[in-house]
């Protein structure tokens, strides 16, 4: 037996209270966490300090008590995920230097989904260990409460050391694992996403953005792997046993926990990055696609440097392509994570893809100032970070890509998107939050799009210089600080005071901005003209019925008319105020038409009297260029949404849209696509009217498609905006079955399929049209193979969407089924699944397949997937926004009323179903007007809708035997008669009748009736009935009854019933009952029940229960349970070497030894 060697590590804590780049003291590197074979995450700490503490009362807004605060962190994380035996776990240790503000016996931290192995608290100045009373996880509050027997004294500093372990997640939050393919090999990586409140899922901490502290970070890895973190690598240390390495990084500046970053995996550094301070990392398959990012990044970064005149303080920047990441990308201090398709751009990528890549880079870089350098102090106003970053995504990129027309695209893509999102009940920009779910829900179009649009409105109101200069002061004065909106606006107010700037009519700047940040919604102004006087009133705009017409805002009013035609003067002529019922503007100039809200500079809509609308329509038809492009887009957007809200006749909006046949500019067309698509989708309910309105819109789409294609192919126009719009207009026209678009697309599909290169900007339309028109399994599978194997993000995106275009619901169902392999290296990544659902909802066949898939698999998704609730609620919400027919609506209604839904899912479904009800209401109000305008015959009378009358939460109710023969009927079987399945799709049974399976697909039974299996595929049982197996196929049992196995096939038991094995086949037991083994076959126990072994076969125990062994066979115990905790035959020391430290941030406490314990199957680094 080897002697255990205790290694003491000392640190200098005293200089760690404040971070500075010039501190020079001694630094010791250390070994901290589990290196291989981490013990099961469910095991409990054996520490006697775990007394029965029930937790502390929840504080306001879910924030931690203010009696303590962090000064510095030392953090070590070691992921283990390469082998199935690793169980995708990680081990870790965090040591926090804290300051006590008020006398307290408790240290309360954020923590969830981890096992705490040990906790210690040490008084800093004396290095005296405090006696522990208890430490306990409080799951409902996501907290770890640490209690000592004596109070922690105010004004003193303490060291808190915690050893913990957890599971690498699969939902792209916290410390999670991601899988990808490289040269047909399955590769894994571990990566962090701590924004906004996910750091607590990786290590105990003060998980609030107001706490900005320095971090010393170390990451464990295997020799063939690499690691990255916020700062440059300081040193790597090889461990003697098993060859593992520990990478330690330089100390960070003060950052909040959500900006802590780490990566462990196998990536390669791009050769392109040698000449810049930006490093690009990706899989080997993408190394030749990094040139675009490396070419664009330096110019984009310089733009923000020039604008702010403040260095971001980042000593290195890594761009890391991640196969699975939530959203477009994630900003981390010194390391931006990107969705692969936005980082790796080929020369022949779609023009829009190149634009998105550039803008995502710019937004994440903008976050280095707004969010990283200056941080919102709490999550009820994340717009303070994200709104500015989204604003500069367009503004900063515009300065280097002026031909992209991004200032104009901002109005269509951000401003109008925010208007549409905020015209139903939403939260305000600054909102109250009570939980982490509330916080997460704020990251939506309000926080990003609306906030950016409101910032643009403020800039337009006060002038560019009066927006720019106080913003620079804000960044300068609060660098490395956490701030709030009131601090931001106080900087603006002080600047205006110094330069003697005042808004007109004695409007307070703070009052002005607070009505926009603290109130939800936005106004519509109603303008009339009579006797040379404009009368302007405001009210809250809503497309849903609302009793809230009292909310009002401060904002400046701009206007012009057909006489002056000055659209560039954005200085307000008058101010709307909450205290005024109306304002009056005298204008003696004779006028035919007038337009308010010049250049869409204000975040509001405008409605006019009927005469002015007629004059505007007339002007557009005679000479639309008399009205600038942004106001043309505004008139389209306002008119259609005013009609949607029943404030304007749809005939007026449709009359206005007729001018589009002459429109040459792309910007108004982008708006028209959004507005007209909503009408067409809703009119699917109309038996006659749908074809008429679709025909009108199709003719418009064909016009702009043909004009754009001719510009590119015949006149050789190659500017950025034209090429990007060629993609958009071709997809729109082909989706409406435009004859010329479809014919051209099919010609190009043939050329492409025979190896001829086609433009990437029409590939979306070409591939989708080809798949839809071919309607063959062979073509679909060929497209699926392209989707799986192509290394081009642009082409992969085109193929991904094209796969949703088939009218074959069986193939669509199969495509959605790829979800269940998303965390196993399957072809569809989790973040792509939402895009697939959105694309599939655009066709009736897609709606049918998606609804069927959701109904059949909702229980499985919720049970087996960590992000299951997010997936099912997203699918339901998307479907709710698209369904139109009664048959479609009924299925959603029945699904939301199904029994057994978790309360949070039920609440989300109910909320989403309001969209369905409002869309039906829209149809009832407006379809007759639209039919009259298009000349469609009156729709036949219909019976009362059954969608809101049914209370039967099922899709099939029969009393006769049912034979399932078509995919459409295999959605859900809930009949009271026997079911015979002879289809090629799985059947899910929830009846009280037996099932006979004679197919080549499995049957899942969740009933109270037995299953007789005579097929060659397994039967999965989740009922309270026994299983009789007489086949050569294994039986998986998950009910509440015992399994008797008398076959030559193994039995997998995951129930709460015992297993009796009298065969020559092994038994795998994972229930909550004991295993008795009296056979000559091995038993693997992964439960929390004891194992009794009286056989001549080995027992492997990976549970939290002891093993009693009375045989001559070995017992392998990989838990912390047994006669003595470390009663093993082999121990070996790990050597450590010292290394200098440039700061005083804590690394490891001197009196804590490290011991390595080696067993036959695992190596542990145990903190004693």
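Backbone N, Cα and C atoms are what each Cβ position is placed from, and that goes for glycine too.
TrEMBL lists 46-66 (among others) with the feature region 'Disordered'.
Residues or ranges marked as domain 'Aminopeptidase N-like N-terminal' by TrEMBL: 70-259.
Among the features that TrEMBL reports, domain 'Peptidase M1 membrane alanine aminopeptidase' is placed at 292-502.
According to TrEMBL, the Zn(2+) binding site annotation covers 386. Summarising the environment of residue 386 (Zn(2+) binding site), the number of other Cβ atoms within 10 Å of its Cβ, over all protein chains shown, is 26. Look at residue 386 (Zn(2+) binding site): DSSP puts it in a helix.
Under the heading site 'Transition state stabilizer', TrEMBL lists 448. Residue 448 (site 'Transition state stabilizer') falls within a helical segment according to DSSP. Its own atom aside, the Cβ of residue 448 (site 'Transition state stabilizer') has 23 Cβ atoms within 10 angstroms in the protein chains shown.
Summarising the annotation, TrEMBL assigns domain 'ERAP1-like C-terminal' to 593-894.
The region 'Disordered' annotation in TrEMBL covers 1032-1051 (among others).
Summarising the annotation, TrEMBL assigns region 'Disordered' to 1057-1112 (among others).
Here the C-alpha separation of residue 448 (site 'Transition state stabilizer') and residue 386 (Zn(2+) binding site) works out to 6 Å.
Confidence annotation: the domain 'Aminopeptidase N-like N-terminal' (70-259) carries a mean pLDDT of 94 in the model.
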